[in-house]
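Under the heading substrate binding site, TrEMBL lists A:ASP10, A:SER11, A:TYR42, A:GLY43, A:ASN74, A:THR75, A:THR185, A:HIS186. For A:CYS73, A:CYS184, the entry in TrEMBL reads active site, proton donor/acceptor.
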There are 2 protein chains.
Amino acid sequence: MNNQPIGVFDSGIGGLTVAREITRTLPNESIIYLGDTARIPYGTRSKEVVTRFAKELMDYLLKLDVKALVVACNTISATCLEELQAISPVPVLGVIKPAAKVAVETTQSKVVGVIATRGTVGSKAYDNEINKINGDIKVISQACTLFVPIAEEGLGDDEVARVMADRYLSVFTGTGVDTLILGCTHFPLLRDTIQQSIGKNIALVDSAQPTAEELKEILGEKDLLSNSTESHNKFLVTDAPQRVFEIASVFFGKEVFPQIEKVNLD
Amino acid sequence: MNNQPIGVFDSGIGGLTVAREITRTLPNESIIYLGDTARIPYGTRSKEVVTRFAKELMDYLLKLDVKALVVACNTISATCLEELQAISPVPVLGVIKPAAKVAVETTQSKVVGVIATRGTVGSKAYDNEINKINGDIKVISQACTLFVPIAEEGLGDDEVARVMADRYLSVFTGTGVDTLILGCTHFPLLRDTIQQSIGKNIALVDSAQPTAEELKEILGEKDLLSNSTESHNKFLVTDAPQRVFEIASVFFGKEVFPQIEKVNLD
């Protein structure tokens, strides 16, 4: 047993959707969430820069003695998960593989759609994970860049979201896709709009719950589960304008991470 | 006379609209443009973080022996221009005051609208500059956050731009506004959409040309104009994914800054 905290990090606060699932699945665990709000978004940046920023986030959390790390960001997971795993002394878990597994289990047509940031789509990380499990599945990907700022503006159910969803998702028409991965932590905030645009027969899969389940499994295997009866969560960001508080409550409510603390990475 | 280059910096590449006007107004001058594409956007960040990032950009350009600096970014100009001027050994010019002057000269109704990022609106920098010139002018401001990613996606003339323009600009209906400042270097890319939404009788003012004129005046006063017959422009960015090249051509064409070079600030 091990009562050290779990480090969860993200380019911003979208990863709170993953952190929330972890607190539900593993209520005895303490979480330190670190969001790089000073440099968000990562999804439009190069591999080199995303990797450098991600290593800085990881180093910061390792200094706080976390027992495991969750990369609650599709772009980082897609770009440099293996580099992070290679240099981390503790287990590092990404969000791509857990969602890919669920999508493979879900699809009947063997055609899976992926919507994500430009960085994640360009990495082909979902294609690779899905085809490692089943090489016969066809993957069709679409970058949905504007979904990120639309989600952050709280406009996930708005006309602007519907206009862009119809535009972006038309690429899946007639392809036989029956399962769509929401490959960005922001996209669950547009879930209803996406479902309505693509049709109610398409299964939507996101990373939050599958990642929390995989974390539980890994901690169990390595005997790292906590036996504490209470959890102490921390919510750290690299920039905290008033707006971060507003967006955080869009993503999370205020029940689990009551306070937001600003930190410097260097 | 002084043939050293002029440093122009911005959170990203929107400031190219200003750089282009400088090359037109001052064809003998050489420009070094520096865009912080690794950390764009600035418009949603806190004053503290914007100031820190801006000082790093300024220091980088000062080491390259620039004779003057142009802050081709409304957010930086609105947030920390005076701090930068206080520590710079060369003249530093922002984009707020030049546009404010033109707006004051233009308005008949004495009601001026400003659209900008959340950071610029929150700073009240346009209000202050306008009321320094004429305290009787009423200023009405509106943050148009989504215009930035819409411009960068090349969707300035698209339905999504029209939906958001109608939403954002409805605040000016019935206010008597006759002059609207495009208070973000990205917004000229939505000029037609904005004009159509707000009505053709409203004058649109942006910073590019007024800033180039003010720079010419300042360099003349300080005897810093170049007498070179040719200019050597450099285009530096802190991150250069393929996408930056595509967006740069949306903003600028390729005629004046043929090559993009990636640099590290530290």
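Cβ atoms are placed via backbone N, Cα and C, with glycine included.
Unlike curated entries, TrEMBL annotations are predicted automatically.
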Between A:HIS186 (substrate binding site) and A:CYS73 (active site, proton donor/acceptor), the C-alpha gap once rounded to whole angstrom: 9
Among A:SER11, A:ASN74, A:THR75, A:THR185, the most crowded of the binding-site residues [Cβ within 10 Å]: A:ASN74
Conformational class of A:TYR42 (substrate binding site) under the three-state DSSP mapping: coil
In the chain carrying A:TYR42 (substrate binding site), residues 6 or more apart in sequence that have Cβ under 8 angstroms from it: A:SER11, A:ASP36, A:VAL50, A:PHE53, A:CYS73, A:THR75, A:ILE76, A:THR79, A:THR117, A:GLY119
Greatest inter-residue Cα distance in Å for the substrate-binding set A:ASP10, A:SER11, A:TYR42, A:GLY43, A:ASN74, A:THR75, A:THR185, A:HIS186: 12
Whole-number Å value for how far A:CYS184 (active site, proton donor/acceptor) lies from A:GLY43 (substrate binding site) (Cα to Cα): 9
C-beta crowding around A:CYS73 (active site, proton donor/acceptor), within 10 angstroms: 33
Beyond the site residues A:ASP10, A:SER11, A:TYR42, A:GLY43, A:ASN74, A:THR75, A:THR185, A:HIS186: chain residues whose C-beta lies within 8 Å of the centroid, for substrate: A:GLY12, A:GLY14, A:GLY15, A:ILE40, A:PRO41, A:CYS73, A:ILE76, A:THR117, A:THR120, A:VAL148, A:CYS184
Nonlocal residues around A:ASP10 (substrate binding site), in sequence order (Cβ under 8 Å, 6 or more apart): A:LEU16, A:VAL18, A:TYR33, A:LEU34, A:GLY35, A:ASP36, A:VAL71, A:ALA72, A:CYS73, A:ILE76, A:THR185
